[in-house]
């Protein structure tokens, strides 16, 4: 018993040796001290956890897994009998280092013993001690042994005491440069700095000149690295299980391990084994461990360190000795002796050769940079002589950046090195891993290398054989074909559309209808209410257009709600009808160009949130912009619907700029580019029945297999007739809106199309009575938005659209803008000016954002009483809206027929001109930096969707977040309350979330104070509450702003009402005629105010954020 007690305590060398000399006592002890293990926890993850679980299961021991929040879906928790979450709220690695939590889980679940695996806590003496203190056995050495072996300085001292040769080194960690200099002068360069605590190659650095670091010893040039596996029990018995050659390393990290070392001199092999066993006995080592040595070119060996744990490469030792090391660890922990287990040195024999390589998700061509993502394909190499130890190697597994990049350990066994290597090469060739990069091509080069197969390799092998990085690219033919076939699923949708009997309808009520009639103001609150009805009664719609276009920024800008949340909530309520969005090509959902990667990322996020069909268009039909949008939508996995924007009249031989040939040639290019569906986007409702037959009939003849979709507006009242003509000419899909949201600037009536086609070959299959019910809802809901309704001024359709060509989606927005700018009574003049502005700009295709440019110029002309001739004459001195200037610069692309001259040159003067596709010259957007900035500004609750909103509209998103921070979740308010507010004495309820309802009564409105505020009194859940709010109207009345006197040449007035975005000059500044002075903004329109004269700024009367009326004085120049 003396030996057992002393060795357990890790005391004195003399007693340990006495224990070794008294085998009779040692061997009699196990029967008295044997304590079987019934339940084992593995405080680790991945393949090593599974390896231990399998051994436990074989021995009838129940298993317990622990897992972090990031490892919820990992395989190791599924392989255990029980699994428990640890480290809640902690970072990924920290969860597995949370000793108190792990111990508590073990105690709570009656765990007998904990296996630490490798890495994480496996060499932490405080963890081993915590296990002991909690009455839970630690499957490994004693805490004291772990501490000694973890301290590289103390381990080195113990090796010296045991007579084991060591590389000369410092006796203690160095603390200053002088210590290192003395050492280097004694032994010369190069030397190695190594962390006093560490393993796995961490903390090692070769130094060839003076630097400062930690524990120092001279490096061995071109060493060979050998590990000797040792196994000890509680009674002083220690055996070795032969050596492993671990010389093939990268940055001191092992890549390939071989057992045994075939090029090793027999005498040296014996010395390595003996020294490893002596050192283990010196410290009273129990359980499995590894003693590492370096051997120089003179066959001198040097002790490096002891790894007091199971190693990654234990597998090759098991293969050549037929010893299950994990079984042995468990039995030793239970108290059984090595002889009792049949593990005596003379019984251990080497059988053949085994090689292990670590297949990792690293890219050798990029410096072994870790790769992450989803494994699309996984097929392993198997067969005789191959063993695989893995955890996350399966199709569909997601490789995260949080942990080690190990995918699978491949172990090949054979009668000798060449046999094992050939099996390894064959197995690696059988692997098929797609979706993430792996190091397999690099490993294949290693196993075909002549030096590796026929000579000695050392730790410089990889560094000195750069041909190993001549990687053969994987063909990936099967997966590429699958991507092609996956694309066919989308074209399969298109084929189903083409093969459908009858006419298909797309319902625009959720987007373009309310954009056209109600200035895009309809809230998600009202869309959600009717969504279940649509889902249940209109599941045979081609699609539901409900997102994108102007709805994206208006949701944040005016409705104070998240557009992504709208998409998510509608997707949940309508899972059975395809969704369609409007994508402005390279403009995404904005009014400007974005870097290419931003457009691709936007489509990806939209698809992930539930979008199906991407209707891609460009406001100028500029093909390069359209192709980028199509590619982005297709790459995201969406159905690509390329839309040709229609203007002019193909049936009028006098209008030849946009002729039938123009549209046919453009359609040819889009079909060749791979569009799934071809769309004609008649955004102003200009497509007359005769033109419909001509255009759609020609497209159907040219493209018999391509589905054709037609979008129009009913501004002139001919929409139903035109869509019937399109359907009869071969269109597969036409756009409609429910009756109470149809007509005028919206789409043709759904009910009318359903009724007109009923019983014919074009029958839609939609029940007319359900359309009536659908319409009733929107008739009531539309009344809530009366202030924005186009019927406030437009009482019927108007055929003057054939003259002014104002898009339906712009008509109400333009009207609303005109009112806000004081031009409400001049809207007729605005419409006429729209025609003239279009001619000034060269007769454009008019759809967002080109239609906005024409509208901005038209309002500018009316505001300043300018005719077309006057604008042309004074183009070099007028302060044009910014959108007009940027269009002429080329910011949205090149219009058909080119830019108008000399108008363009007079406006731009020396300003930059952009040639080609604008976005092509933009640097990629740094999403990581953008996200970090958003988190810094708004906290950590930033989603990928928030990042995209900020990428598209940084200022709008900022204001939206500020609004929600100040006013909370206004989306839970009813629409009347949101738009108009409560009446005095009105009582109402607001449901914040299920089970949380506020009972509110509006009581009174206080008087205006000197700060321009009023106190508003409420009763909230029976309690009196009040808030101070700014009375913006009263504050405006309290403030007087001087007007510019037109008779004074140096006074610069506001050309339109709006807010000052930026003041570009200060008092005393010298300015030239035409120099930008400030930037104004009103209703999405920005305008640069230029200096009308040259001179010196005398006074500035505005600041950023100043609100101005027309002709308000901005500054004075003398």
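Easy rule for this one: first residue shown is 1, then count along the chain.
Each Cβ is built from the backbone N, Cα and C atoms, and glycine gets one as well.
Those TrEMBL annotations? Automatic predictions, nothing curated.
What TrEMBL annotates here:
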DOMAIN    36-467  domain 'Biotin carboxylation'
BINDING   152, 252  ATP binding site
DOMAIN    156-334  domain 'ATP-grasp'
ACT_SITE  309  active site
DOMAIN    503-772  domain 'Pyruvate carboxyltransferase'
BINDING   512, 681, 711, 713  Mn(2+) binding site
BINDING   584, 848  substrate binding site
MOD_RES   681  N6-carboxylysine
MOD_RES   1084  N6-biotinyllysine
By a simple count, how many Cβ atoms lie within 10 Å of the Cβ of residue 584 (substrate binding site), its own Cβ left out?
28
Counting across all protein chains shown, how many other Cβ atoms sit within 10 Å of the Cβ of residue 848 (substrate binding site)?
24
Per-residue pLDDT averaged over the domain 'ATP-grasp' (156-334) comes to what?
81
Using C-alpha atoms, which one of the recorded positions 152, 252, 309, 584, 848 comes nearest to residue 713 (Mn(2+) binding site)?
848
Provide the number of Cβ atoms within 10 Å of the Cβ of the residue listed as 'active site', excluding the reference atom itself.
27
About how far apart, in whole Å, are the alpha carbons (Cα) of residue 309 (active site) and residue 152 (ATP binding site)?
15
Select the closest residue to residue 152 (ATP binding site) from the following binding-site residues, measuring between CA atoms: 512, 584, 681, 711.
584
Taking the Cβ of each of the binding-site residues and counting other Cβ atoms inside 10 Å, which one has the highest number: 152, 252, 681, 711, 713?
713
Whole-number answer please: how many Å between the C-alpha atoms of residue 848 (substrate binding site) and residue 252 (ATP binding site)?
59
Residue 681 (Mn(2+) binding site) and residue 584 (substrate binding site), Cα-Cα, nearest whole angstrom:
12
What's the CA-CA gap between residue 512 (Mn(2+) binding site) and residue 252 (ATP binding site) in angstrom, rounded?
62
